[in-house]
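Participant: Among the features that TrEMBL reports, repeat 'PPR' is placed at A:59-93, A:124-158, A:221-251, A:265-299, A:327-357, A:358-392, A:459-493.
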Amino acid sequence: MATLYRTLSRRRCFHALTSLTRTYYSSPLHQYNKYISNLIRSGRLREARALFDSMKHRNAVTWNSMISGYVHRREIVKARQLFDEMPQRDIVSWNLIVSGYFSCRGSRFIEEGRKLFELMPQRDSVSWNTVISGYAKNGRMDQAMKLFNAMPERNVVSSNAVITGFLLNGNVDLAVGFFKTMPEHDSASLSALISGLVRNGELDMAAGILHEFGGDDKDNLVHAYNTLIAGYGQRGHVEEARRLFDEIPDDRGGGEKDQRRFRRNVVSWNSMMMSYVKVGDIVSARELFDRMVERDTCSWNTLISGYVQISNMDEASKLFREMPSPDVLSWNSIVSGFAQNGNLNLAKYFFEKMPHKNLISWNTMIAGYEKNEDYKGAARLFSQMRLEGEKPDKHTLSSVISVCTGLVDLYLGKQIHQLVTKIVLPDSPINNSLITMYSRCGAIVDACTVFNERKLYKDVITWNAMIGGYASHGLAAEALELFKLMKRLKIHPTYITFISVLNACAHAGLVEEGRIQFKSMVTDYGIEPRVEHFASLVDILGRQGQLKEAMDLINTMPFKPDKAVWGALLSACRVHNNVELAIVAADALIRLEPESSAPYVLLYNMYANLRQWEDAERVRVLMEEKNVKKQAGYSWVD
DNA sequence: GTAGGGTTAG
């Protein structure tokens, strides 16, 4: 007891301890076992182990609970150690250790699990099912089927594992065929088939199956319905979802509480609500929420996320305050809501008040800083995250790469690159942002390296990033060469590709090439030109001194010219000393951005160059009158 | 204490 006290008191395990002392003398072993399993269930594995180690008498259940704790955490080495130390293993211990090996990724583990399965002194249906589903989940359907056929007594659970396995590997037809030949289905068979079909995008087929076989077992049928409602909802097919929802008898009003009856449950309502939230129909979502008899945390969270989505933070935080027991998801939604709607202070306030943070909480807050262009804040939070021992994942790193881009911080960028290589393959889309980061930081060679490391799969964004990098470095020949290569490989360019291509032409003074590309974009690729493309074209013409053509283009383009368009023209006017057009462009720019000093400064310099001192002075006075402050280093063309 | 199925946050 004394050792137990010492080990536990250090681990702030006060509640477990007091109840334990209370029952210590009067309780048999199973009370201890219950404590261990409770600790494991609430994720307190180390405390469970301390208790386990301090126990004088243990039975198989004690050992098995501890092993199951490690198996759940995927700590297979520790589980195996206990398994080996265990004086008398029973069938549950064997099943646990086998399932532990099969739930670890990697063929080495699977082989070891199989070896243990072969060594088992006896097997029950759980042993067989563990190995079958283990193979199925790891894409080894050949082995799964072999064992399934070798099983002495098949049951529904093993068949269900086979269905899941086929569907995990995308074998929709095999799964449906297998389901139809099964001697009996239970509710889980139908649910497994429906959810697998949904995952494979076969929603209408799933609906057909549901209506054909749903009658066979009304027991727990609602699970399958819920899966399909959610499946339709997630794809924005709200009418189909609603039709299914309406097919389930209402759960309100009736007094009888027969769990087995086919009725809506809280998940049905939540899934239907989610479908409305997905399409932005907050009114219908709210209506359902108000009509529900039983709400769980997920119901509140779904509605909160709906209000967050439409940027109604007043209502979202009102619900958050009202809800009975907010969990980490609720907090994350609120933090995300404020961060995405530009209220970083409130986001930070809630982030710091959170009782528990998980990886997503950190990612949400870092992404919030990044979105609001507070790059320093994001970088600070990222280092705090690492200090607190939270491991970044690809979402974290993706935000932080953008942060490096924003800060133009090559030093931090290279560090992040190191981390990225540890967690993703060179073919991951996250490397696209590394290309952009490197080229924005002036390290075009590093950008090129990342680009070339993607050997197996480059998507359009990869190509766009690299072409854009070349273009912004003035390497027009390289940009155009890469663009040619991209087309040869039948990668379909996007409007972003053409912005870079046209920019490259502008830098290199390739007027004719620019015109050709612009035309090709519309006629060969059917891409609607955007205002950015016109800005590039104006830039191209302007740099060549074709100012009148540039002005004509501005007058005839189907958009209201933006600051990039006028900025390009104004720069060109300065280079070619065209004061009249410069005045037009500067005037337009000032109207678009009254607080910007750049047009004034440019005009002033032009007049000064032409030694028209009076006009120059007029511009300076005007600028003072409008109370525009001069800022250094500002340019529109980039 | 072990095998198969459902909803919410980056």
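The backbone N, Cα and C atoms fix where each Cβ goes, and this holds for glycine too.
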Participant: Report, as numbers and ranges, every residue of the chain located at least six residues beyond the repeat 'PPR' (A:221-251) whose Cβ falls under 8 Å of a Cβ in that stretch; write 'none' if there are none.
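Facilitator: Same-chain contacts beyond the ends: 187-188, 190-191, 194-195, 198, 203, 206-207, 210, 214, 261-265, 267-268, 271-272, 274-276, 278-279, 281, 293.
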Participant: Which sequence-distant residues neighbour the repeat 'PPR' (A:124-158)? Criterion: at least 6 residues beyond either end, Cβ under 8 Å.
Facilitator: 91, 94-95, 98-99, 101-103, 105, 110, 113-114, 117, 164-166, 168-169, 171, 182, 184-186, 188-189
Participant: Of the listed stretches A:327-357, A:358-392, A:459-493, which one has the most C-beta pairs under 8 A with the repeat 'PPR' (A:265-299)?
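Facilitator: Stretch with maximum Cβ contacts: A:327-357.
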